[in-house]
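Novice: Below are the structure tokens for one structure; questions will follow.
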Amino acid sequence: MHGTRILDEADRLMTVCNSCRYCEGLCAVFPAMEMRRAFSDGDLNYLANLCHSCGACYVDCQFSPPHEFNVNVPQTLAVARAESYAAYAWPQSLSGAFARNGLVISIVAALSMAAFILGFVALNDRAVLFGVHTGPGAFYKLMPHNVMAALFSAAFLYAILALVMSVRAFWRDIGTPIGGRADGGSIFQAIRDAGELRYLHGGGVGCYNEDEKPTDRRKLYHHLTFYGFLLCFAATSVATLYHYLFAREAPYPWWDLPVVLGTLGGIGLVVGPIGLFIAKSRRAAELLDAQRYGMDVGFIAMLFLTGLTGMLLLLLRETAVMGPLLALHLGAVFALFITMPYGKFVHGIYRFTALVRYAQERRGEAGS
Amino acid sequence: MSSKYDVLVIGGGNAALCAAISARRGGASVLVLEGAPKFYRGGNTRHTRNMRCAHDAATEILTGPYTEEEFWEDLLRVTGGKTDEVLARHMIRESKDILNWIVEQGVRWQPSLGGTLSLGRTNSFFLGGGRAMLNALYLTAERLGVDVEYDAEVTDLVIEDGMFLAARLKRPIRGETEIRATSLVAAAGGFEANIEWLKQYWGEAADNFLIRGTPYNRGSILKMLLDKGVQEVGDPTQCHAVAIDARAPKFDGGIITRHDSVVFGIVVNKHSQRFYDEGEDLWPKRYAIWGRLVAAQPDQIAYIIFDSTVVTSFMPTLFPPIAGQTVAELAGKLELDPAALEKTITEFNAAVRPGTFDHTILDDCRTEGVTPQKTHWARRIETPPYLAYPVRPGITFTYLGTRVNKESRMLMADGRPSANMFAAGEIMAGNVLGKGYAAGMGMTIGSVFGRIAGREAAKHARN
């Protein structure tokens, strides 16, 4: 017996799958399963986070429903995975944020945006808020750079701390009984696997979505979203360096590095989430974790809002709506940061950690 | 849907789809009638995993060459010579090309990874298993314009003087209850799911058989063909039968109910008596013999008995072993006579001679002075908990079928080839497999003769 009903079911499925093993060539979940004969809660959470939900094992399985063995690995692991996010959340008192995540995220996002707008209204007069500001330092007429930097650094550092603490708990749970630290080679392997989404490929033909035909473009949309996010992050980092090292103040001209990075990233963050949302809405119900639909959509929406407000800000920054748009954009980014440890964002962190563990196990096996 | 097709394929598994694709590529219009609903499409192919093909050199997926001659010798050995040499050699030659042809139809192979099967040199494994392979074939067939109907149960075949005219359906398909076609490919499997038919040869014992694969292989097409003058081939009692877990479902338990632990213990019947040398032969031959051995025991039940020292030596099992701290406790749970089981184990343990255990070769661990002997891998059963798996005969497929020639064309009872009827897959497997089995051969028969049947059926239709 396990801690939860879904882990009991995951254990039952892994027992079925381990006596079959037809899927061992499809992804990392099944070879990892084959290294075990019994499954602890930590093992099951590890396997659940190793699953990329490509759906291939469901479509390929001779025992998937309506067969009486009722083997539905993608859905079961999706639910187990979502439950693991709450189980490892730090601090535990905030783990409830996962239960009604869509609602929590929307409220936080709405409050953040409202706070920035109200803040801008309260601290500036109307003329400044709706004024046309151009040239270096234009943004800081609405909010001093130091305030902005302090606020976002605090939010970001909190997110990092919470994530590190959560991953630590996860790593400990999945690391036993073998335990130990991650080695450089395994981390490098996991970066490659995560970077190319190696296991989101249905064994080579692509993802499964509405039926048994591999037509899903989720890998492409995920790449756009993920690399879009990284490019935006890089844009912000470069801009911060510009500010402190070269005393060059935003906004920067369109050809300058932070803007180029931000524009490319923004396009990714707009197109990617739209694609992911459409893919999700078409996905066969039997593959989905219906309970966590709100969490998935909430995160997609936050990324989309971040990208969209950023792009609008770029396009309209020399007009009178710059002030309100800046408030919306900062509100979206702020909400994204502080909800990161309590939403779908963590899937990437746990999956990467699971990939490190998997690389480590494979290396251990090859070495023995 | 047009009312008349060039080629009608009855069946929906590997052989049927290879026939449909090959006929369509040969320019014919093709309809596939699959008797099962969509999820259960593909008959026993759903449960398969690999295919045995001859090849002259190692490839990305195969660890070494497997020559035509070696394949032939393996076939000769497992069938004890009960095979049609001309057909078998033809199949083996064609199997070389099938390895690539099947990939061209969208099927993907995987390297042989783990598990306990040592087939990496001779057999190619489907990535994702048999259902993945089927999905790929169906996608290709549909893309090429093959029509497929599910739940399409054929109730009668109109055959005149060895010539197929039409098939009648239980349920009309878009208004038609009779489908006419210029050529027929029968690829509708064996009759293993038809317990009443099995009873004709096995008596009441057949009630205790478990059917490993599809419940839809009831042999109705085979019976119609034989009744309408197609020549019969094969021994009706011959089939692919292994010992599977007695707790498995009656139908469709598939691969996961198998046991490969015989070598690590002993096997007793309901009287707690051993009845065969558990150490006679290596996997996979020993795997293929235990179904028939258990079928010959009272009530068609037996128990693999071993102890706690070997539980991690074989594949994890779907059903956990039944355990007892003492032999008597185990016997109680198995509803065996405790004294009898204790006596059997004590006598067996006393007969075990020292040796060096190695389950991958015929090792020197054997018994002396007990009947039957265990000639290899004999070790004492003495470390509690004592464990057992109950097993029953698990029937994979039957060998009674329609006789065909090298063109996969059915032969009539008088020896004449049919004008337009072809057969492929399990329905004609008995031509090649008179008895016995070697892993992956069912798929070889299906793909090779399916491809030939489709090609020849299209050729006939277009003449």
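Glycine residues also receive a Cβ, built from the backbone N, Cα and C atoms like all the rest.
Here's the feature list from TrEMBL:
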- A:103-123: transmembrane segment (TRANSMEM)
- A:143-164: transmembrane segment (TRANSMEM)
- A:224-245: transmembrane segment (TRANSMEM)
- A:257-279: transmembrane segment (TRANSMEM)
- A:299-316: transmembrane segment (TRANSMEM)
- A:322-342: transmembrane segment (TRANSMEM)
Novice: For the transmembrane segment (A:103-123), which partner among A:143-164, A:224-245, A:257-279, A:299-316, A:322-342 gives the most CB pairs under 8 Å?
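Specialist: Ranked by Cβ pairs under 8 Å, first place goes to A:322-342.
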Novice: Which one, A:143-164, A:224-245, A:257-279, A:322-342, has the most C-beta pairs under 8 Å toward the transmembrane segment (A:299-316)?
Specialist: A:257-279
Novice: Same chain only, please: residues at least 6 beyond the ends of the transmembrane segment (A:257-279) with a C-beta under 8 Å from a C-beta of the stretch. Say none if there are none.
Specialist: 209, 216-218, 220-236, 238-239, 242, 250-251, 297, 300-301, 303-304, 306-308, 310-311, 314
Novice: State the non-local partners of the transmembrane segment (A:224-245) in its own chain: residues 6+ outside its ends, Cβ under 8 Å from one of its Cβ atoms.
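Specialist: Apart from its flanks, the transmembrane segment (A:224-245) reaches 145, 149, 252, 257-259, 261-262, 264-273, 275-276, 303, 306-307, 310, 348.
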